[in-house]
Amino acid sequence: MKIKIGNILKNVVILVIFSLFISKINSEVVKPNPAKPDELVIAFMSPYFDPEYTQYSGAAEYALSKFNETFKTKYSKTIKLHTFTDTNDVIDSLDLVTMPVNGIVGPAYSGSSSTACLVFGAFAVPSISFYATGASLSNSGSYPYFQRVMPDDRLQVQAILSLLKKNGWTRVSCIHTNEDYGNGGADQLVQQSNAQGITVNTNQAIDPVDNGIAPEQLYYDIVFDNLEAAKSRVIVLYALFPPDCLEIWKQAKARGFLGEGFTWIVTDGCAELTGGTDPDLLGVLATFPSYGLGTEAYTDFERTIVNDYNNNTGDAFYKGASFSYDATYAMLMGIEAVLAKGGDPWDGEQVRTELRNLKFNGITGTIAFDKNTGDRLYGEFALLNLINSTKGSFDPIGKINPDSGEITLKSDILYSGPTYKVPSDYQVVVFDRTLNIVLGVITGVCVLIVIGIGSVIALQWRKFRYSSPLFCMFIIIGALMGLASVFTLLPTPTTPLCSGFPWLLGLGYVIVFGTLFTKTWRTWRLFSNARKFKIIRITNKFIITLVGGFVLLESIFMIIWTAVDRPIPLAEPIFKAGEAQLQCTSDSEAWWYVFVFYKVFYILFGVFLAFKTRNVVDSLNESKPITLALYNLTFVMVVAIALGFILRDNPIAIIVIQTIAILLGFTVTVSVLFLPKVWMILSGQQHSMDSIGTSMDSMGRSNGNTTEAESTRGYTNKDYNNQSVGRSFSAHATGFKDVAPSNHPQLGIVYTGGDNFPRVGSSQTAASRSEAEINVSKDVLAKANKKNEEEFGEFFLKPSEDNILKKKKKKKNNNK
């Protein structure tokens, strides 16, 4: 009920006067004598205007009926129950203690108890509250004669936090009614949440509904404006009565805070709800101290209360009646224990002592009191769920042990939506469809560019002969796989898409850069051995095997990752402002770190190869495009990772950065490697990319006029530009008297030492000679060239026509 300023001032004045009176008599309070020596009096104190009052008082009368015969026959005592309303806590409590009474069941709620029990304690009258949960009542110095059968706010908050931790929620908002119960519960929630690493991002108070009159709209607007600013998704509602909750939910529906994505958890104040018939309330959760549901004793008790005692609520049963019964039953057991020991039932200290020694099974479970504070021990909470809007009340679906945090469910939890999927405690960001379409179109353009380059390579295969067109196509295929990974990022994440993204991106990366660097490694190895006049055999089959090894290693890692900790879509909190993005997540982030950082090996290896092949002849030299590709890849990784941390609060920026990083990483790499060559072919500037032959001189050279350093280094661009060396030479050319050529049956003529190769004039080339002079079948020569090219790729040195002619002449002379 709404607290009036006048009542507050009046109560303060009365308490001050009463405190002065208590201090003067030095705690020696003389209680009035009972009206009848053989009569015992139990007082029941609860707000008369509550709809639950008739059931609460009826439950107390029912408990009393269990003891009437025992007290009469065994102790010659009669016991009476006087009911009082707590319209004015101080005045009503003073009236009670001056009746006098042996004990008091009540007051019902924390606000009344916090005042009335001060008076009860001063007059040494034991009391048992059946619905007060305020944590301040546990202060034994202020409330020495206070007991309660309802678990306190501390335990209820522990039960709520157990539910939060079970669902992985770390952010919660709180709304509470502005009175003792709501204020105390909210304070406990904030204190215990902070201690357990759960953030209460906003704590909002609203006055309770007073006789059907709700607070002004302005105050509700303030509450929900703050909830919106905090991007609240999980909301704990500490409200005094169901009408308070219904009014707040009415406002929440108008502001869009009901439905899928929002979780409401109410406490015992609203767990008595009977009017939750709005379908939008489906999925609301409640915690309520266990009240015996499911036991035979509870079933009989509920039937009795509804049918036999004052009940103006139809067939509805209020859970608090179970606690009213247990509180009354405990008070009578304490008084009986005093009588059984020959004690004085009017001695409040004796009654309190026996109460705190009790342990029995009540309707709500095991009843026992803390010997120092009088708090209920063995408290257990029922987890309630609103799953039937026609019924309009909560149904129990499980139990929560607040001490251990254990939650036992007998059915799945229905969340708002309704859905059985656990919602996020963050505002889940849904990316703009228009943005996704734009990113998809850009990715599609990049895919077409790569496909176009690949088509030119396939159609102009021989013109890319010295670039190993087979491996060029491997690079194209890998780039397409990497670009395809973008299309797994744009739709709403699903488990197959989450698993497909690292597979496509990882294999695409390995194929592109594994092929590029392996092919370049072959160039380096061949030319580094050429300066030593060594012939090494590195076939295409060997290169394919190396690339396959890289792919196999990547596949093994991905298989283990997928089997052990497969990425799944979760709404992960990645933004400081209370937002989250539905993203693919594994239990351990170590998988992603390994996935990203071990690929740095490829970058380092690429830098090494680019440096080593910087002086190779132009037709085989890819150091410059590799350097550009590496620079681009390094830049993209560094900038993308840095921006990813800086812009974590911007969900749109995150997806854009991821997409652009992938597009630049693959599209630019393919472009710098192949686009210049493709352009030269398409524009007609160059008819063949292999017009400049690979001569035998590329294996190394030496003559008497060179220095030792020159004779041991590989063949360079400078050497190539200073000499025009054809594909073949004549053994009779001038200056070749010391040449010792080796006629390899597959490699052709290989220079193994001697003077420099001569500058072969145009008149000496094979193109200028007549077919009669060469006298070699072109078909035979073409077949030989094709066979060796397939095995040795661009490093095959064709058998020279001069050599073939020379061998034929030599054979003829030998025959003669």
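Every residue, even glycine, has its Cβ placed from backbone N, Cα and C.
Under the topological domain names given by Swiss-Prot, Leu414 lies on the same membrane side as Pro493. When Asn311, Asn621, Asn722 are compared in Swiss-Prot, the N-linked glycosylation site annotation sits on Asn311. Candidates Asn388, Asn775 were compared with Swiss-Prot; the annotation N-linked glycosylation site appears at Asn388. Swiss-Prot marks one residue of Asn68, Asn705 as N-linked glycosylation site, namely Asn68.
The average pLDDT computed for the topological domain 'Extracellular' (563-590) is 76. Beyond its flanks by at least six residues, the topological domain 'Extracellular' (491-496) meets 436, 566, 568-569, 582-584 of its own chain at Cβ-Cβ distances under 8 Å. The helix, strand and coil residue counts that DSSP assigns across the topological domain 'Extracellular' (491-496) are 2 helix, 0 strand, 4 coil.
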